[in-house]
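Swiss-Prot lists 19-28, N110, 137-138, R213, D251, N364 with the feature substrate binding site. According to Swiss-Prot, the active site annotation covers E174, H249. Positions annotated as active site, nucleophile by Swiss-Prot, on the basis of sequence analysis: C370.
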Amino acid sequence: MNAQEANFDGLVGPTHNYAGLSFGNVASLNNEKSAANPKAAAKQGLRKMKQLADLGFAQGVLPPQERPSLRLLRELGFSGKDADVIAKAAKQAPELLAAASSASAMWTANAATVSPSADTSDGRVHFTPANLCSKLHRAIEHEATRRTLSTLFADPAHFAVHEALTGTPALGDEGAANHTRFCAEYGKPGIEFFVYGRAEYRRGPEPKRFPARQTFEASRAVAHRHGLAEEATVYAQQDPDVIDAGVFHNDVISVGNRDTLFTHERAFVNKQAIYDTLTAALDARGARLNVIEVPEAAVSVNDAVTSYLFNSQLLSRADGSQVLVVPQECRENGNVAAYLDELAAGNGPIHDVLVFDLRESMKNGGGPACLRLRVVLNEAERAAVTSNVWINDTLFTSLDTWIDRHYRDRLAPEDLADPALLEESRTALDELTQILRVGSLYDFQR
């Protein structure tokens, strides 16, 4: 059956701010305590969605999670009415209020790992929400993620939405940011590629400066859950030195699509063995792997991290050609810009480069790839998604005006203590559930 890759982007939430919560994420740390612009952030992401939808790509949207999380703050011992809880947290532990207020669920590449029905043993699309247990502000996301995915992908004949793995360091799971899929065509069986930073029960190299967030054990558990064929599943370790350079997820150093792997030469441990394994596995599935390896001499790891060259979307057009979606920071880095010009002018599979202004997300360490969750759907599966989440002219206009009505254009760290922000966010999200037709998705609606 014909299938298409859909991208479900996270809509940036009303509490988007720069709290520097993500150790190992250089941009996040560098912009700590800056004032953010939630309205601009949401509009930048929405305009990327709309332009890609206009180009014929299947583009969906995922709603923000409720923030600040009063559930977390109450769990941490702050009590009283909602306004009292926020006031106490702001006074006694502002770092915990910042964690409870993070809009990080916007980066849906970390929402879950997704395996299409062509790859799974029961012929359904499988989702495993990521536990994101390495960071408090992200570890609180998986329950709401599961609720959202279960709402959008509700038909059990087509979809299986699992619980997150147990939130322990041995099973640290960061979702699709460390996973990609190679195939001849989206609707045919493919190769699922899992990248991890360390193994809990195997000796091997590990980073020394920043933590490795994804474990081999978590990746293997997800593959087993999804019923993936062993011969069609490949595991690779990310080079610990690039993790220490700020590559906190694999999607900061490589991206894959169909038969193409676009990667930096320093991305992996034992890279040639990985290329050979992927080539053999994909050959058995009827396709030939095309590796585009960017040399350190052309683009350094530091260039890759500051420009987010590899935190890009690699998309296939109907004619089989591929387009690379990059942030504008790639055009502002001389080495990266020169490389992209050469890439687009060459004879390889990537013929075009699209550039987007995602500055607000980028300042927190999230480029085009961070903002989207890839879900391959055949025609019957797409028809089973009945919520109003597919971007078109009407939905774009509704969301754009919704942002204008509800979002602030400035949010500084001290503004998180404003109890009005909670009410503003709830009012906005309550209206959003009606626009997207997702029912009572949030705790405050129940």
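Each position is counted from 1, following the chain as shown.
Any Cβ shown, glycine's included, is placed from N, Cα and C.
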Rounded inter-Cα distance in Å - C370 (active site, nucleophile), N110 (substrate binding site): 7
Cα separation, H249 (active site) to A19 (substrate binding site) (Å, whole number): 20
Which same-chain residues, if any, lie at least 6 apart from E174 (active site) yet have Cβ under 8 Å of it: N110, A130, L132, S134, R213, Q214, H249
Sparsest-packed of the listed recorded positions (R138, H249) - C-beta count within 10 angstroms: R138
Under 8 Å by Cβ from D251 (substrate binding site), counting only residues of that chain that are 6 or more apart: A109, A176, A177, N178, F310, N311, A369, C370
Number of Cβ atoms other than its own within 10 Å, given for L21 (substrate binding site): 21
